[in-house]
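Engineer: So TrEMBL says this about it:
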{"type": "BINDING", "residues": "B:G29, B:G30, B:P31, B:G32, B:T33, B:G34, B:K35, B:S36", "note": "ATP binding site"}
{"type": "DOMAIN", "residues": "B:2-241", "note": "domain 'KaiC'"}
6 protein chains.
Amino acid sequence: MHRVKTGIPGMDEILHGGIPERNVVLLSGGPGTGKSIFCQQFLFKGIEEYDEPGILIALEEHPVQIRINMEQFGWDVRKHEKEGKFAIVDAFTSGIGSAAKREKYIVRDPNDEMELIDVMKEAIEEIGAKRVGIDSVTTLYLNKPMMARKTVFLLKKVLAGLGCTALFVSQISVGERGFGGPGVEHAVDGIIKLDLDEIDGELKRSLIVWKMRGTSHSMRRHPFEITNKGIIVHSDKVLKM
Amino acid sequence: MHRVKTGIPGMDEILHGGIPERNVVLLSGGPGTGKSIFCQQFLFKGIEEYDEPGILIALEEHPVQIRINMEQFGWDVRKHEKEGKFAIVDAFTSGIGSAAKREKYIVRDPNDEMELIDVMKEAIEEIGAKRVGIDSVTTLYLNKPMMARKTVFLLKKVLAGLGCTALFVSQISVGERGFGGPGVEHAVDGIIKLDLDEIDGELKRSLIVWKMRGTSHSMRRHPFEITNKGIIVHSDKVLKM
Amino acid sequence: MHRVKTGIPGMDEILHGGIPERNVVLLSGGPGTGKSIFCQQFLFKGIEEYDEPGILIALEEHPVQIRINMEQFGWDVRKHEKEGKFAIVDAFTSGIGSAAKREKYIVRDPNDEMELIDVMKEAIEEIGAKRVGIDSVTTLYLNKPMMARKTVFLLKKVLAGLGCTALFVSQISVGERGFGGPGVEHAVDGIIKLDLDEIDGELKRSLIVWKMRGTSHSMRRHPFEITNKGIIVHSDKVLKM
Amino acid sequence: MHRVKTGIPGMDEILHGGIPERNVVLLSGGPGTGKSIFCQQFLFKGIEEYDEPGILIALEEHPVQIRINMEQFGWDVRKHEKEGKFAIVDAFTSGIGSAAKREKYIVRDPNDEMELIDVMKEAIEEIGAKRVGIDSVTTLYLNKPMMARKTVFLLKKVLAGLGCTALFVSQISVGERGFGGPGVEHAVDGIIKLDLDEIDGELKRSLIVWKMRGTSHSMRRHPFEITNKGIIVHSDKVLKM
Amino acid sequence: MHRVKTGIPGMDEILHGGIPERNVVLLSGGPGTGKSIFCQQFLFKGIEEYDEPGILIALEEHPVQIRINMEQFGWDVRKHEKEGKFAIVDAFTSGIGSAAKREKYIVRDPNDEMELIDVMKEAIEEIGAKRVGIDSVTTLYLNKPMMARKTVFLLKKVLAGLGCTALFVSQISVGERGFGGPGVEHAVDGIIKLDLDEIDGELKRSLIVWKMRGTSHSMRRHPFEITNKGIIVHSDKVLKM
Amino acid sequence: MHRVKTGIPGMDEILHGGIPERNVVLLSGGPGTGKSIFCQQFLFKGIEEYDEPGILIALEEHPVQIRINMEQFGWDVRKHEKEGKFAIVDAFTSGIGSAAKREKYIVRDPNDEMELIDVMKEAIEEIGAKRVGIDSVTTLYLNKPMMARKTVFLLKKVLAGLGCTALFVSQISVGERGFGGPGVEHAVDGIIKLDLDEIDGELKRSLIVWKMRGTSHSMRRHPFEITNKGIIVHSDKVLKM
């Protein structure tokens, strides 16, 4: 089986080699846990280190801001956009104003799943994308939780058909158990949980791979850091809580 | 009383010989606990080791993907499908596209319980199935919890009439108590709970037989592993939590 | 005051002689706690040991299956049915198919309380029943909790008028506090709670009499077992949790 | 200030002399805690020991059954009914059948607060009642919790106008905190809480006076027993939980 | 800044001199915690010790009963009513019967906020009130929680315009966290919480000042007593729970 | 990257230099935690120490009262208002009465987001504001929680376009986990949580920076005080809870 390397230091060791190809993985965490950074790093390292093009479906942030954020970690995505190896699908600005002029891939109505899927497919095919990040899937069913499972299955089916490996960012509340609702948790192929917990007056970051179809993986909770070069996971350390 | 051997190493010891024939057993667990693997192993081992044909009602995953998943554990189901000893009832793809051409047993509207039961009966009768897995029953009442009990009773009645022993996969949320709702828990003949718990920074797998009509059984929580040959239950060990 | 002996080993000691006649007792417990077995044993022992005929209102299980289940404990109810000392009121199959031909007492619409009461009265009068088991009352108000209290009061009034002592099986969820809802708990004359709890990786059975009008009773939690001859309560032991 | 003696052994010591006259006291507890017995004993002792007539508004139990229950504690209320010192207002049977013939005070529609108040006033005036027990007030607003406060205020106003001291039985669920809802707890003059708790495998009875307008009172939790002569409170003992 | 002395022994020490003038303070507590007594003592002591007239908006109790209650602590309010230094606004009896004849300030429809405010303003102006107690504000939004914040802001605006310092009694349930809902807690200038907690089988009274705009204050939980002369706060003691 | 100094003693050390420019930061806390003071101090110190004009959107308090409150800490905002360096946008009084005459920036209908944004933009542009405080955003979606995320995104977009750095005050309940709801927590660039907790009978103030885009920051919980000169954060101390 082919594996998709995350390129995030320490993470591929935890995954015993990487994410099995075509898996759809839920990247679940509360506010401030580093979900967006993890997702962006996965896409950028895919291009830089493994020559696997990728796209990011942006539902939470302006594409311009995403580029600025990524550059703060030294990830020059504009270069890869020009080379046709990276694309942002703008499902945030709803195609209004300056974004409509500058962005190539625009979803005008993010509540219209079919439009989102059409634009996503177009971007994947033009870029030849092997990796997809959706930040966040939660937005797609925030006010219609009954549709969560159906939405995730639909996206999964499309991405599997296109041969992509994907990270679905799932926003959960502080102190919430679970990973984003029962309909979603059981539908995905893998779950990586990012946590930020206060222990004795200090915030600690850690992650745990809860499930990953097609591979064994570390069953431990590992601490990680967010540095100015992105996330570093300590695959050799365990956080006991 | 005849017993149906699960064929899962360690499991039949825990069940004091196997599942009493015709019992409908809830296989309940959170995401990543191994419910689908347990269910597939039960069906495959039935054919291989006890010559008892079986069918799998697929509501969560594409039949093609299920075959791939089973082969990763060395369970060549295609052979048994050709021999007429195994069948997948496709209640996932809704009979669209290539699946409609390749799959023999198709449920076009999984919300139509009667169609599902008709196709299931047809498959059971043609195969001469003794074992049935439904993965998952939760999907059948996800958005209509008031109907859960009625659905389970209906399925149970049909399966009992056909002389089948069945596993009903029940998806529960992380941290949820219970096995899938009061209407369901009391309706089934047995409950096997699969758990995945973080203990001191490490994920631990265990299972417990909560009830099983017609037999005594181990009253203990046993650790188990998911290996590349499937599940192995440690019937001689107890996990204290 | 006359007392109705349960005939369950150890149970009458706990009740300081048995259930006061005409009491309606809630038999409350989660899945797998042995509620149905307790109820069936109460009815069977009534006939065998105290010559008190009884009826069972079956709402959860096919009458044929109930007979099989009881025979597994050595309780040959068919004999007593022929002698006119026991009857099953079939409120499960809704009078369809073979059950309609074989069963004498049939409730065609279990949602129609009045029909249920009429058939129950008919059976009680023909059999001369002194004991009644309803398995379960929960089913009667599963989807209409506002009606629970009214339903229980109605049944209680009818049964009191007929001079019967009754067990009302109440299904509760795992981890639920209480015995089946405030409207029900306060309406009944007695409450016996059956529990199944995991303690240090092992399931333990115990029961406690929470209230019983017209008698003192053990105020302790007693362990019990389900053997192949039915329930045995250890009235001389206490389970501390 | 005049005080109304409960006549329950130990209870008046706890109340530093009894309930201040005209107070409306919530008698709150879960199933099996002895609320009805406490209420009946308060009324019976009022007549026997203090020559204060009383009435009982029966909403949970048939008047015939209430008389039987009271006689089991040696409280011959029929005698006092004949003497015109005690009356039961039947708000339970809804005036149907034999009760309609035998009972003097009948509320035909317990959902009609005005009818209930009219019959209650009539009974109080004819008997010259000084004490009133309502068993239970919970029934009056079971399915309309928004009306609870209004109902309690209405009853309180009527009873104050008639110079009565009253116990309002409030049914709460096992494990529920509080005494019957915020609208009720703040509206009454006093709260006596009856508890039944499992401690180390044994049920323990205790009560605590949570508030009582117009008097100081014991601030401690006292154990009590239900004997065959009624309730005995151990005012010299404290239960620590 | 001018401060309004509560006149409650120990309380002004805790407030580092009293409540800053014009503050609206939430006086929050469960049943039996002494909220009404605190409020009445604040108003009475204002008149007696600081010559600051006050009014009490009565929403929970009959004005006649309030006068009786206050007299039990030796607070002769009738004298001050005659002198024009104290008034009760009757928003309880709805202006029916004898109250309509005897009371000067009557709110005929307590659900009509505008009428309540008009009558309150009239009373404040005629009396020259510097202190206002509303017992309770909870009643004003009991069945319309969405209106709580708006109601509190409206009252606050009116009272600030009139130069009054006010206590708003807030009824909370036993075991409820918070002080009466988020809309209310953030809207007021100060929060004083009264508590009644069972510790080792004994009820203990304590209070804590959670916030108070315009002044520092004790940050500690202080025990207090209700004596026959009213509340005494132990500003030199701390209750650790 | 340019940083906006809070000017609050100890706070900029915790933020490793200040808030990254253009960040929208949620300032989240329960009642009495000091959110409004923090927000006002941030704006006042911006003008005094860094010559960065600012505006305050007032949704919870009368502009006149806000000026009084600020002056109590020695912050003479009237001077800066006259100099055109500070402005209060009055979204509290709804433009009625004297406020309508005195205040320059008035939002007549605070439920009309568009009017609020228009007035805010006008004030920002006229003042040349670099800092914005909204006290509180919670008010904007108090009775329409489904709109919370959309409202926050809209404000964020407008403020980013104008180059402002902003504090959004978020009111949470005592004991509530989280920072103001999932839709809000994930939408903002930073979260600062203010806490007030009772520890051993004493209230303790502390804050923690939960996330801050574009900078590292202290991961610890720091105690702080509210003095008569405003907030002082102890960046060198840690509170363990």
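Placement of Cβ uses the backbone N, Cα and C atoms for every residue, glycine included.
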Engineer: Please name the residue among the binding-site residues B:T33, B:S36 whose C-beta has the most neighbouring C-beta atoms within 10 angstroms.
Structural biologist: B:T33
Engineer: Over the span of the domain 'KaiC' (B:2-241), how high is the average pLDDT in this prediction?
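Structural biologist: Value for the domain 'KaiC' (B:2-241), mean pLDDT as a whole number: 94.
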Engineer: Please determine which of the binding-site residues listed here (B:G30, B:P31, B:G34, B:K35) has the lowest count of neighbouring CB atoms within 10 Å.
Structural biologist: B:G34
Engineer: So which of the binding-site residues B:G29, B:G32, B:K35 end up next to chain A, with Cβ to Cβ under 8 Å?
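Structural biologist: Of B:G29, B:G32, B:K35, the entries that lie near chain A are B:G32.
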Engineer: Just how many other Cβ atoms lie inside 10 Å of the Cβ on B:G32 (ATP binding site)?
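Structural biologist: Within a 10 Å radius of the Cβ of B:G32 (ATP binding site) lie 23 other Cβ atoms.
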Engineer: Under 8 Å between C-beta atoms and at least six apart in sequence, can you list the same-chain neighbours of B:G29 (ATP binding site), or say none if there are none?
Structural biologist: B:K35, B:S170, B:Q171, B:I172, B:K193, B:L194, B:D195, B:L196
Engineer: According to DSSP, does B:G29 (ATP binding site) fall in a helix, a strand, or coil?
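Structural biologist: Going by the DSSP assignment, B:G29 (ATP binding site) falls within a strand, counted as strand.
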Engineer: Quick one: what's DSSP say for B:G34 (ATP binding site), helix, strand or coil?
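Structural biologist: In the DSSP reduction, B:G34 (ATP binding site) maps to coil.
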